[in-house]
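Shown next, in structure tokens, is the structure this report addresses.
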Amino acid sequence: MVPKLFTSPICLLLLLGLMGVEGSLHAKPGQFTWAQWFEIQHINMTSGQCTNAMLVINNYQRRCKNQNTFLLTTFADVVHVCGNPSMPCPSNTSLNNCHHSGVQVPLIHCNLTTPSQNISNCKYTQTTANKFYIVACNNSDPVRDPPQYPVVPVHLDRVI
């Protein structure tokens, strides 16, 4: 007894569940703008150790994120990258709002090594490097983002 593809209620529920999981992996918490969420995820490394720093992000998302990269630079410096020439985004070439950093920055890449349902028990290893990065930038939220930044980073697209 094999369910018919896409007509079975079970297949439909599985498909919707997978779509929901994929959507939630990239969702930002509602209280933040995309720029604020970018800063939390990729600039504000609250601790020098990934396991502790990732706890901040994981608390907002209520799950252990598989990996994350922290750029050891300032938000203002990343905003400045948004002024570099636009290019297609490597992760989605139909988007043309990406910008290459032009200079390497120190960064820390965190990789989940011990997943857990309890986010306090998730453990990460970290790798340090100096690399270029590519960010996607959009117009800022005129009400909630700093007014001195009309264009802001919203997504770390690639580290190279």
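In case you wondered, yes, glycine gets a Cβ from its N, Cα and C as well.
As written in Swiss-Prot, here are the features:
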ACT_SITE  His42  active site, proton acceptor
ACT_SITE  His155  active site, proton donor
BINDING   Lys65, Asn66, Gln67, Asn68, Thr69  substrate binding site
DISULFID  Cys50-Cys110  disulfide bond
DISULFID  Cys64-Cys122  disulfide bond
DISULFID  Cys82-Cys137  disulfide bond
DISULFID  Cys89-Cys98  disulfide bond
CARBOHYD  Trp34  C-linked glycosylation site
CARBOHYD  Asn44  N-linked glycosylation site
CARBOHYD  Asn92  N-linked glycosylation site
CARBOHYD  Asn111  N-linked glycosylation site
CARBOHYD  Asn118  N-linked glycosylation site
CARBOHYD  Asn138  N-linked glycosylation site
SIGNAL    1-27  signal peptide
Listed recorded positions Cys50, Cys89, Asn111, Asn118, filtered to Cα within 10 Å of Lys65 (substrate binding site): Asn111
Alpha-carbon spacing, Cys98 (disulfide bond) to Cys137 (disulfide bond), which is rounded to whole Å: 6
Spatially closest candidate among His42, Gln67, Asn68, Thr69, His155, the listed recorded positions, to Cys89 (disulfide bond) (Cα to Cα): His155
Subset of recorded positions (His42, Thr69, Cys110, Asn138, His155) lying within 10 A of Cys122 (disulfide bond), CA to CA, in sequence order: none
Among Thr69, Cys82, His155, which are recorded as recorded positions, the nearest neighbour of Asn111 (N-linked glycosylation site) by Cα: Thr69
Cys82, Asn118, Cys137, Asn138, His155 filtered to the recorded positions whose C-alpha is within 10 Å of Cys64 (disulfide bond): Asn118
His155 (active site, proton donor) versus Cys82 (disulfide bond) - Cα distance in angstrom: 11
Packing count at Cys82 (disulfide bond) (other Cβ atoms within 10 Å of its Cβ): 21
CB within-chain contacts under 8 A for Trp34 (C-linked glycosylation site), separation at least 6: Lys28, Asn138, Asp141, Val152, Val154, His155
Fewest other Cβ within 10 angstroms of its own Cβ, chosen from the recorded positions Asn44, Asn68, Thr69, Asn118: Asn118
Rounded inter-Cα distance in Å - Asn44 (N-linked glycosylation site), Cys50 (disulfide bond): 12
Mapped DSSP class for Asn111 (N-linked glycosylation site), helix or strand or coil: strand
